[in-house]
Amino acid sequence: MSKQRVVVGMSGGVDSSVTAWLLKEQGYDVVGLFMKNWEDDDDSEYCSTRQDWIDVVSVADLIGIDVEAVNFAAEYKDRVFAEFLREYSAGRTPNPDVLCNAEIKFKAFLDHAMSLGAETIATGHYARVREIDGRFELLKARDHTKDQSYFLHRLNQAQLSKTLFPLGDIPKTKVREIAEQIGLPNAKKKDSTGICFIGERPFRDFLNRYLPTRPGPMKTTDGKTVGEHIGLAFYTFGQRKGIGLGGSKDGSGEPWFVAGKDIESNTLYVAQGHDHPWLLSRTLTAGNTSWVAGHAPEVGHACAAKTRYRQADAACTFGAAGANADPNALFSLHFADAQWAVTPGQSAVLYDGDVCLGGGIIEHAATAQPVTRQPQKAALLTAR
């Protein structure tokens, strides 16, 4: 009887390498696939694509699997990076990893894997998939400190039905131990923390290569001008570093934070103190939705949500975003406690315990001064 073929997305990192080894040990016919999705290889200081490929080949040789490379650079720039720039141009702060997973790792990659005769794909993400009566659920990883379901919430039933997450039940510390025990050449390689497929590099410098700077006034929440910003795209809600203000503008000594943007007047608003009212929200509206089950929760459903990665789950109530709004497409969340720096462009992801329900892109968060939190319109990719 032939073995079930699984194509593993291999990045050259420890997680995907251990994933491939575990599946080989479980008897699968494992093929490794290395995705190249960014062409800027000349920027060797920050882009380690060549070294990553070398690591993938070394790991494949050690564990005894075939491996190949595939170039999705065109798909990445069209489906992910173009949207990334559009959102920043509109003053929002997108999360490229969310879109990258939905459009590249679990769409372009999945399609290519199927063309290689795979029955399933696997990645080194920390999450779990559970099947109940032919329906699939996306669950948090057992190790909640490493859970990545937030980035995977846009996966649908078809994608989850063909996906394995072998690390979902394993603590990260154990994954490192396995890598060292079996002698993986990349066992001590640090985890990647840069933009999906682009790598680790000074973010402001990178963004400046693609978006023009448009300086404008920097004002306090009471309208006093305290400086000049270099362009709204280069700041995000809740940002503290890189504003260029000390802690003494009002004598309190508290740090300054980005608290709002007015796109029409090109004004950046700053507030002093972590818990300033402009930084706190109890209600948000989100659109561009994706639901794991194929439909939204019932209006009035009590659940939990994250408005940024690594945030603790926050109790909330799911609602429609208006009297005539379809909550499958546009929804609101009402939080029991005020949430800090809820940021347009980021994902609001809903949970029932460990079960990820899906979510949407934050459009608006109600604060003490809603004028700067009006929905910031951007041309969104319909494919997302």
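Numbers here mean position along the shown chain, with the first residue as 1.
Here the Cβ of each residue, glycine as well, is placed from N, Cα and C on the backbone.
What Swiss-Prot records for C100 is active site, nucleophile, and it gives sequence analysis as the kind of evidence. The active site, cysteine persulfide intermediate feature in Swiss-Prot is assigned to C196; the stated evidence is sequence analysis. Positions annotated as ATP binding site by Swiss-Prot: G9, M10, S11, G12, G13, V14, D15, S16, M35, G124. Here Swiss-Prot flags C100-C196 as disulfide bond. The site 'Interaction with tRNA' feature in Swiss-Prot is assigned to H125, Q346; the stated evidence is sequence analysis.
Distribution of Swiss-Prot features across the structure.
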{"residue": "G9", "record": "ATP binding site", "Cβ neighbours (10 Å)": "22"}
{"residue": "S11", "record": "ATP binding site", "Cβ neighbours (10 Å)": "20"}
{"residue": "G13", "record": "ATP binding site", "Cβ neighbours (10 Å)": "20"}
{"residue": "D15", "record": "ATP binding site", "Cβ neighbours (10 Å)": "24"}
{"residue": "M35", "record": "ATP binding site", "Cβ neighbours (10 Å)": "23"}
{"residue": "C100", "record": "active site, nucleophile", "Cβ neighbours (10 Å)": "22"}
{"residue": "H125", "record": "site 'Interaction with tRNA'", "Cβ neighbours (10 Å)": "25"}
{"residue": "Q346", "record": "site 'Interaction with tRNA'", "Cβ neighbours (10 Å)": "27"}
Maximum Cα-Cα separation (Å), residues G9, M10, S11, G12, G13, V14, D15, S16, M35, G124 listed as binding ATP: 16
Closest of G9, S11, G13, D15, M35 to H125 (site 'Interaction with tRNA'), Cα positions, binding-site residues only: D15
D15 (ATP binding site) versus the residue listed as 'active site, nucleophile' - Cα distance in angstrom: 18
